[in-house]
Amino acid sequence: MAQQLRPSKSASKKPKIDWSRREEADNFARTVKLYRQGKIDHDSFRRFRLQHGAYGTRMTDDYAMVRIKIPAGQIYPYQLEKIAQLSEMYSIGSAHVSTRENIQLHWVVLEDVSEIMHGLADVGLTSREACGNTVRNVMCSPLSGVCNDEMFDATSYAIATAKFLLRNPLNQTLPRKFKFNFSCCEKHGMIRIADVGLIPQIRELDGKKQRGFKIFLGGGLGNKSFVGYQLEDFTPEEDLLYTSIAVLQIFDRMGNRKNMARNRMRYLVDEMGWDKFQNLILKQRTIVRATQSVIVRLNINQKPNEIKRPISISSENGSVPDGYARWLKSTTYKQKQEGYSAVFVTLEAGDITANQLRAMAEITMDFSAEGFARNGFSQDIILRYVHESDLPRLYSRLLEAGLANSGSLTMASAVGCSGTSSCNLALTNSHRLAKEIQRKFLELKLDEDDDLSDATIKISGCPNSCGQHDIATIGFFGGGARVGKDMYPNYSMSLGGRFDDKTMLGVTCMRVPVKRAIPVILKIIELFKKNKQPDDTLSRWIDRIVHDNESSEIKSIKDMKKILSPLVIPPSKADDPDFYSDYGTDTSYHTITGKGECAA
Amino acid sequence: MCSLSSEITPTTVDVDTVRSKINDDSLRLIDVRREEDYNQGHIPNAVNLPLASLLSGDSPESVVKLVEDMGIADDTKVVVYDDTFGALASRVTWTLQYIGHKNVALLEVTYSQWKELGLKTSTEKPNIKPAKHSLNLNPDIMATAEYLENAKEKDNVVLIDNRERLNFLEQHIPGSINIPYRTLATDGKILRTKESMRNLLKNRGIPEDAEIITYCGSVGTLSGLAYYALKSIGIPNVKLYVNSFKEWKKLEKPIGKQENAAYWDLSAE
């Protein structure tokens with residue numbers, strides 16, 4: 001490498017919190033043995049396995065997926081290096097960054113899971129409560145602390161919440177999983193689609209500024225998705241923990257433990273009605289506030305992170321490789337801190353090789369003045385506090401590592417759950433479809449189109465929404481269809497989903513066979529170009545269509561369906577056998593699923 | 001473990017032992033990297049035996065000839081190294097043991113790691129006087145396809161595939177288990193610590209008194225490394241299916257596969 005940067009002291013930064021407990025690894029190894037010897041029944045073992053972050057794998061009991069929790073998405077270089085090593089030793093040589101800031105290792109031999117846990121303990125990480133009926137990874141916007149629209153940085157609140165709840169008896173056997181999302185502002189977090197979503201707020205009381213949150217409850221995506229409700233105008237920070245405890249207690253007590261399909265808290269809210277639920281929570285919070293000991297509180301670390309720009313030992317100004325302007329425009333966000341940018345590194349459907357993880361670790365040390373990276377909401381990794389003058393060199397380094405795809409902040413970066421690549425419930429290979437879409441968008445340079453930049457494409461391999469299709473501008477979930485005896489993979493397409501302050505679920509438009517998904521998307525873009533208003537964007541145009549507010553030839557979803565329908569007519573199998581197979585396989589499509597455990 | 005004079009051959013030899021015996025004529029170091037890499041620098045006094053040269057004519061007689069040309073007599077202590085995480089060195093070491101050379105071991109680090117430790121290298125080729133070596137085949141450490149096919153049906157025989165996970169999922173010898181070669185190394189050494197190797201086998205439920213047969217993709221390099229990882233903890237009965245999966249497929253033997261999952265699409269390669 002022509003340009004070498006020497007890491008400053010911040011490079012060797014270690015996280016403040018050790019999330020691991022090494023004895024859990026040994027306990028896991030022992031329990032697997034007992035299970036294999038038939039001394040523990042399947043269901044008890046499954047509960048235990050999920051509690052420890054090991055999820056089942058498609059059509060086999062021999063392998064597991066280990067979901068590594070990354071609270072608030074904060075990940076340190078030496079943790080990335082360790083995960084690289086573990087992926088080569090025990091997984092497939094690649095890791096997967098999820099939509100909930102976790103990092104997943106797939107196709108791990110069940111008997112090796114404890115080895116991974118030991119490795120994670122070496123770097124202070126855990127997979128504990130990453131699956132199962134517990135509080136899952138506590139998310140935080142990757143822009144918290146640097147966002148131009150935030151009131152204050154929620155990261156330390158997210159971390160403190162994660163710390164309080166991890167291994168806490170309060171949430172070890174909830175009716176179902178439970179998700180906390182912290183955001184910076186309305187735009188950058190997904191607060192209305194979590195069980196508890198929080199946005200920092202500041203209010204003035206008697207001339208004094210007081211920190212607090214806008215809290216949303218009862219949202220969530222799944223077989224049936226719901227948008228969360230705002231609990232009250234303002235929840236002061238002292239009430240953050242009491243509110244969290246109250247919500248968990250109510251859910252624990254009243255959530256549906258009988259009907260697996262309706263056991264998330266959003267169903268409880270839906271069945272009870274928001275007013276009643278809200279009332280219950282507020283009452284419960286009064287009780288919690290009155291009965292909790294004063295020593296039960298969140299331990300918020302308010303000490304700011306050290307920001308120290310890594311020192312460049314070579315000021316050699318090499319030529320900037322091709323594609324820099326395109327990359328710069330579509331992957332970087334100017335921070336509120338003068339002179340610094342956050343860089344969104346897009347990964348194809350969240351997949352990253354061991355070598356790329358190692359490169360990412362080095363790049364983080366060499367370029368981020370805060371010395372760590374943040375996982376994002378879109379299967380991406382965000383490098384913050386990159387000095388603007390270092391961006392060209394960062395681009396060169398990312399390019400060398402194969403990590404410089406442009407378009408991470410645009411429609412080009414499609415999200416896809418793991419689908420048939422590893423999930424028991426999947427009906428289609430949503431994972432590969434997301435990759436195919438991203439490749440096509442980049443090939444056509446659609447990431448450069450400003451009209452498309454605020455739109456999203458998200459794909460799930462089944463109706464359960466791990467790919468978050470419900471909140472995408474163009475969303476897909478997988479299923480099967482048939483012509484006579486011949487089956488083909490078929491997606492249900494919805495339009496107009498969004499996850500900002502006007503969060504709404506997408507409106508079902510039509511079914512689209514997998515091999516027609518890309519032509520249909522391109523056709524929608526073509527129709528948009530033809531009918532758009534000046535200064536229009538695709539998402540605004542679609543928003544008008546789904547609300548029947550559009551005045552051009554396509555006035556409604558129905559019109560859209562009509563105009564697209566010639567594209568989705570199945571050819572005969574003799575004419576086009578490829579139509580009848582999913583991506584990633586050359587055999588004819590058939591649906592096959594196992595028992596789900598809910599992965600993302 | 002590191003004494004070169006020991007009767008029982010150790011699996012690996014540590015850096016200090018090799019360093020202190022570099023000029024000792026009773027020790028022969030073999031560098032199995034390609035000739036051009038060797039010419040650019042090697043451990044002082046090491047001779048070059050690229051794995052490809054060994055494989056181009058690996059009848060026992062031609063191996064004996066190669067060994068003699070490297071000045072290796074029956075009682076010469078031999079240490080082998082590579083820059084491919086020990087896999088190529090393992091295959092050469094195994095071949096020497098197969099023709100009956102007793103005192104041969106792997107250097108515990110790769111050439112890159114040797115250099116990273118700041119240890120001496122040289123571009124000079126040593127002057128070698130050819131030696132005489134006998135041929136005493138050691139068939140107990142080799143498995144043929146036919147042998148494997150019969151053995152794998154028996155109790156207490158474990159068949160280990162050392163290729164990467166995705167290759168294994170896609171196709172493997174039925175009944176084999178997968179321990180990818182990357183699992184065998186540790187930070188800075190070509191093999192795991194004995195304790196962690198034992199732990200891995202314990203977790204996998206592989207008894208140490210089992211007969212273990214290792215194989216990989218084509219010529220027995222990755223599985224050669226596994227052979228020595230198993231030997232390092234004293235497993236008595238280990239065999240290398242040296243012609244590995246390439247031959248197995250050519251012979252059109254049965255192949256196992258993880259069905260109904262598109263696992264390749266999870267790879268970012």
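Every residue, even glycine, has its Cβ placed from backbone N, Cα and C.
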TrEMBL record, region 'Disordered', of the ranges A:1-20, A:321-340, A:581-600 the matching one is A:1-20
Residues in the domain 'Nitrite/sulphite reductase 4Fe-4S' (A:412-546) per DSSP class, helix first, strand next, coil last, are 53 helix, 35 strand, 47 coil
Reported mean pLDDT - the domain 'Nitrite/sulphite reductase 4Fe-4S' (A:412-546) = 97
Counted with DSSP (H/G/I as helix, E/B as strand, rest coil), the domain 'Nitrite/Sulfite reductase ferredoxin-like' (A:61-122) has 30 helix, 22 strand, 10 coil
